[in-house]
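As recorded in TrEMBL, the features of this protein are as follows:
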type	residues	note
DOMAIN	58-139	domain 'Ig-like'
DOMAIN	144-237	domain 'Ig-like'
DOMAIN	243-334	domain 'Ig-like'
DOMAIN	339-449	domain 'Ig-like'
DOMAIN	452-559	domain 'Fibronectin type-III'
DOMAIN	666-764	domain 'Fibronectin type-III'
DOMAIN	771-881	domain 'Fibronectin type-III'
């Protein structure tokens, strides 16, 4: 708001002191104005009067409302009693969707104002005495917006270049267009007369005539109005460039089939444009503009050959001369015999039961070099309309290449798969395959199908079987077919609540001529399972009908669990308690509600299963009573699944042992093998294993050889007793250790200590990270490559007694800055051309991808710290450090091969 204080009417309590408070939220500061006294007459106005809108109302805040910001329309009226306010648009339209009323309706707030919110608004104030209204015109202002950005250009000398700054702006905001050259305003009136004739500014267009090398600069246009501005810039380089042919644009070989037409464009780069002439190398003559073999006067300087024959095979040259230089490129025209196009199947019949149709189009080409065979370029049509334009059509299409064995032929095949949704009557007809080498077709026809069965019923439901009955009606007229198809068999399909996919019963296909099936028994069902069934009829010619209406869900009767518990495992907790675990039953063997497990066991030393407990879980702790004082007690375990119907089969007895003995086993054949500078891998085998011993783990202790006498343990780690190897970490580089393995139990008792195994860690990994000096694109004879330079670092400790033959650098390449897993490349120091100034060439990086590269040193002891990352993006703006005068667009011709010119470990 504008800070004005208004009173619709005054009353005695309004006679007091007032002050204005100003606060700035951005700086969290504020200030109070001076207090003043509002003096009212002794008797205030007590009579009601109609609203009267203030002469300066409605008002718009801010004064220049802009697009995307919040706009306030404020209205105030004097009146008693206090009036109420309403807002409307004069044009009869509704208020903006992003508008809201605040401050008792006095203020219309428009958030994120748009140009279409502009217009004439009306404020109406009403009380019990009368009303008043006033209008205000709202204009939404906006800064100009550029339609097209300026583009970099390379132009020749004595040419004309035009730069145009196309923009959009609101008509109510006058626009000014300014041009700059290398940041300095272009003012033709201030230029010398000769330059003034060359630099012309008209509206939003800058024209430079008779371009000179001195005109090379960065040109910028700024479009502005009273709201804001927009800008765009471009690099204009005035330079003459001799003609250049790019290998990825101008082909080396062009394949054409006998009897067809060939058209080859001559695409090159030069500044200024050159004069193009085509030459037949075999005859040594330049082509004319007329005849069967001729040069066209089109934009790409094409050569064309009509009705190609074997005589046209050979080399052709495109010559270009632009006064700066001359260049030529050669293309070899390879004439191929006309291949045959084969579509299969030649005729396809579909039925209601067919869910998909596969159509294949095949072309076999004879090529001198099978690796350079041209692509056929298939296209499918339905009744002479492209299949891609068919409404609501669903199909899959793929193209395959196949080399014919023992020949120089390539077989190319296009396959389309029409899904069931595309097999309606509207898509029955002729499908044709067309290619640049010919065409072929096939007909898709409707095959009459039998009617589907009806009145499918389910009865006599047991825990493992049901009976089905159904009827087979006579065929009605379907798709123009009125004949009655004889039925010779039926197929029964089902699905369950746990598997909603329809499938056929293993023995659910039977042959019969009956059209009314009173009872058919289905066996081997799962107890307590929910099923649905449906039936398909088969005609004598092997065509199945669509499925019948499926039955309601039925549930087979429950039964006892159908499978015994398997894979029982146990572990002693102490000399009176065992932890027992087993594999849970698969849900299909529950067979009834409330599955649980009955655990039975014997009391030592009896072998009678006299104890039991029922649990719902797959693990339980049982306490064994009557334990004797013997060193070892045998306990027999059995587990039986049960549900609310009854008990299932009992598992095979499992024997467990309770013992008060500590570990007896000991580690034998101990070996310690170095992994790197901080890890040793220890291997062992257990000997003297006993059933009657308590053991839960193994303790691995590795001591430094020079501290064994003092008993100083460098590393002490524990692993489960089932382990027979472990990698010990946290060791010191280039240090010899004595490692032992000892079994222990839950009480902390230990078994015999193994004989020690000696192992020495490798020398320390490199300590310092390399520094990447340069990551750049460089020209090669084959195109472009990426070169990485970094500083050398000490790859091993000079004071170490260990010689590292396997040492060098690892290069980590991340595709994009956020990639987690890099491509890891290794290069040995011996493979570097100069170990003091290491450098590597990286081929295979793709255009427009962002790469992050890091380097680290390595040796047998491990990998050292990573260098700081360096990033590069290959694209139009990638500069070649070895050829800075080349146009930046040449980066597009980078030949990308996945190869690395160094060793990979």
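Cβ coordinates are placed from backbone N, Cα and C, and glycine is handled just like the others.
Predicted, not measured: the structure shown is a model, and the values here were computed from it.
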Leading contact stretch, 144-237, 243-334, 452-559, 666-764 vs the domain 'Fibronectin type-III' (771-881) - CB distance under 8 Å: 666-764
Secondary structure tally of the domain 'Fibronectin type-III' (666-764) (DSSP, helix then strand then coil): 3 helix, 49 strand, 47 coil
The domain 'Ig-like' (243-334), counted residue by residue under DSSP: helix, strand, coil: 3 helix, 44 strand, 45 coil
DSSP residue counts for the domain 'Ig-like' (58-139), split into helix, strand and coil: 3 helix, 42 strand, 37 coil
